[in-house]
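Everything on this sheet refers to the single structure shown next.
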Amino acid sequence: MTRNRLLLGFTLSALGALAGCERSSGAAPDATPAAPAPVTAQAPAAKPAAPDADAVAKLAAHFFQAPRNPAPLPTDTEAQVALGRMLFHEPRLSKNHDVSCNSCHGLTTFGVDNKALSDGHKGQKGTRNSPTVYNAAHHIAQFWDGRAATLEAQAEGPMMNPVEMAMPDAKRVEATLSSMPEYATRFRAAFPKGGRPVTLANAARALAAFERTLTTPSRFDRFLAGEHSALSAQEQRGLEAFVTTGCTTCHNGPAVGGASFQKLGLVEAYPALTDAGRFDATKNEDDRGYFRVPTLRNVEMTGPYLHDGSVKDLPTMVRLMGRYQLGRTLKDGEVDDLVAFLKSLTGELPPAERIS
């Protein structure tokens, strides 16, 4: 894949020269030592200039859009969304009745469980970090390898994954749901057409309808809408750096990511990478080591990071991406500004009654 990188840089202010100490030379051993030269106190380093907010906003508008809130399909109904919310929290969709969608994608913790690898059936762990479900409706595909083209296709996968929820087949899922009177009633209300409303496909459809409502508007969206005071000067510098260093090559659009696949280690080979990534889904050798680019919305709250959860904190993640994806060694000030901007992407969770 061709990846255009913007190579514009920032000129950093020098910190000032160190004051030297005056030395005397050629003095007799018993001579009185010369008094040290007076040291003039240095003025504090000047704060970086505040960026032109209007210029930064215009620059950002080329790469980002605020997500629709909510983002349902025109055919989604309130009954389907309500059913999907129930199913999302339903542990009886797992073989041992102890794992729900919310177990790994906690809706009150920004759609994740903050574990490197989540606990599934009988405590088993998979090989990939659980991505957030918030803003997933804006992704090009679901899962790290993009094997599910839609939210509906994604919703079916975990229920019958032997490591995750471990239901043996679709019939068991349907029989379990049909055995509960409340679900039978809810499915009929959500899917009134057709003779058999309680199906795995309809369960996935309801889950997807619910997940399409899971968006998190943030201060960044207010900035994009013209409220320039929504971001501090440092956050605006970070946004400007995010664009000019080339981060927007991958992280763009409504979700600030999720719209493409990219090779991990684009510029420099990423160390000890054993996960084949998208190759697992396509069996195309050209896809080896490629992953769906994650959304950066709420990234402050969704660590640990990467497909395997191996990176624990955000500053480290920023430095690693600078090196392996952009070929840059980011300076401390750049990292600080970028992290400040990324934290501005932390959004507002939906009201408790909509997600619990």
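Along the chain as shown, the residues are counted starting at 1.
A Cβ is built for glycine as well, from the same backbone N, Cα and C atoms used for every other residue.
Heads up, TrEMBL stuff is auto-annotated, nobody curated it.
Look at TrEMBL and you will find 1-19 tagged as signal peptide.
The region 'Disordered' annotation in TrEMBL covers 23-48.
Residues or ranges marked as compositional bias 'Low complexity' by TrEMBL: 27-48.
Summarising the annotation, TrEMBL assigns heme c 1 binding site to C101, C104, H105, H121. A C-beta separation below 8 Å, combined with a sequence spacing of at least six in one chain, links H105 (heme c 1 binding site) to G111, V112, D113, S130, T132, V133.
C247 (heme c 2 binding site) falls within a helix when secondary structure is assigned with DSSP. Taking a C-beta cut-off of under 8 Å and a sequence gap of six or more, C247 (heme c 2 binding site) has these contacts in its own chain: M321, L326, L338. Here TrEMBL flags C247, C250, H251, M321 as heme c 2 binding site.
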Out of H121, H251, which of these binding-site residues shows the lowest number of other CB atoms within 10 Å of its CB?
H121
Calculate the distance in Å between the alpha carbons (Cα) of C101 (heme c 1 binding site) and H251 (heme c 2 binding site), and round it to a whole number.
26
Using Cα coordinates, what distance in whole Å links H121 (heme c 1 binding site) and H251 (heme c 2 binding site)?
33
For C250 (heme c 2 binding site) and C104 (heme c 1 binding site), the CA-to-CA distance in whole Å is 26
